[in-house]
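Data block below; observations after.
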Amino acid sequence: MQAYFDQLDRVRYEGPQSTNPLAFRHYNPDELVLGKRMEDHLRFAACYWHTFCWNGADMFGVGAFNRPWQQPGEALELAKRKADVAFEFLHKLNVPFYCFHDVDVSPEGASLKEYKNNFAQMVDVLAAKQEQSGVKLLWGTANCFTNPRYGAGAATNPDPEVFSWAATQVVTAMNATHKLGGENYVLWGGREGYETLLNTDLRQEREQIGRFMQMVVEHKHKMGFQGTLLIEPKPQEPTKHQYDYDVATVYGFLKQFGLEKEIKVNIEANHATLAGHSFHHEIATAIALGIFGSVDANRGDAQLGWDTDQFPISVEENALVMYEILKAGGFTTGGLNFDAKVRRQSTDKYDLFYGHIGAMDTMALSLKIAARMVEDGELDKRVAKRYAGWNGELGQQILKGQLSLGELAQYAEQHNLAPVHQSGHQELLENLVNRYLFDK
């Protein structure tokens, strides 16, 4: 079959001085960073949905891309053509992983039977492509938000039959992910929220989605899936309010239903923006709570109130993100999936490469800067010094529960405590970070 990207052999590392737009300047897969290959640190993935499924349509205009596999035709044959192009792209981009929703790779069909038959055929196609290319599945998921049946949600739907249909999709997608060797399974509640409280029973819906997640965990263990289950937080869009608002909200939900040891989070940068947080905040919070799993690397626009899903280009932002990840020991089953799309005006098929190459270079340079920060250890030393009192006798007695509130008040009076505020040195630390970012 003729190559779709016929003007490109493969994207390769050419170094920081290169002006070739189809080459990496900073991402060198085999370069050692803190004793580990860069590819193994970053675990890059390209997503099926934005890259191969979106046709360029938006709220105000029809599709603009004219991809060959998006033309009228027999649905399964078009899905196979899309898979051909997808794996050509993945190979030429030199990414080790990809991610998909069920209906990204397979026609949904008109019934559950058609859905399952179509998906089964496409799983066989994908398995053959993976074997041929060496590309692996980072994670799979089920799209339980696009079809009109999910207008009022999937697991939170007022109709238990819709809940059951969603369960069928999730079981099928989990089984497919397992068969394809996927390292994670993601649950994003696209419409698990509400438009108005006037017709919403919050307690009922919370109980429903809690039970749904418990069943997902039960099925994971029953099928022997060794990967990680991930919830992807998002505060709103398409609903007014979504129940997986941010990392902290998800943790509270997991604790309520006894799932905090079973499910981690897949954090998207743009979703952090929509929640009023920095990407750094969400990563650090997940690590602090012990539920960090994987990352959807992209960026939003702070001046817009919706998910723009642009490619990450800020080394300043992502160096701090990679710093947190490195300090926590790096990815295990997770990775950096580019949940990002070219702009509607970017109609050249090679724009797909330009977007991903820039993003991969951004994250690679961020990794190298973060590694310098870890090796230098200056930030850690200053934070440790700031909290040093908690390693002393008084601090340890408080943390170990050896003093009651009343005893602590008595201690303060007996010792005539008169603590004086110590500077947080924020400006000094910001200058220190800039040294790592901009000094050669």
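Using the three backbone atoms N, Cα and C, a Cβ is placed for every residue, glycine included.
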Message = According to Swiss-Prot, Glu268, Asp296, Asp339 bind Mg(2+) 1; which one of Glu232, Glu375, Glu378 is annotated to that same site?
response = Glu232
Request  = List the Cα distance (Å, whole number) between His101 (active site) and Glu268 (Mg(2+) 1 binding site).
outcome  = 16
Query = Within 8 Å of the centroid of the Cβ atoms of Glu268, His271, Asp307, Asp309, which other residues of that chain place their own Cβ, given that this set defines the recorded Mg(2+) 2 site?
reply = Lys234, Ala269, Asn270, Thr273, Leu274, Asp296, Asn298, Gly300, Thr308, Asp339
Inquiry  = Using the CB centroid of Glu232, Glu268, Asp296, Asp339 as the Mg(2+) 1 site centre, which other residues of the same chain sit with their CB within 8 A?
reply    = Trp188, Asn266, Ile267, Ala269, Asn270, His271, Val295, Asn298, Asn337
Note = The answer, for which of the binding-site residues Glu232, Glu268, Asp309 has its Cβ ringed by the most other Cβ atoms inside 10 Å, is Glu268
Asp307 (Mg(2+) 2 binding site) - helix vs strand vs coil (DSSP) = coil
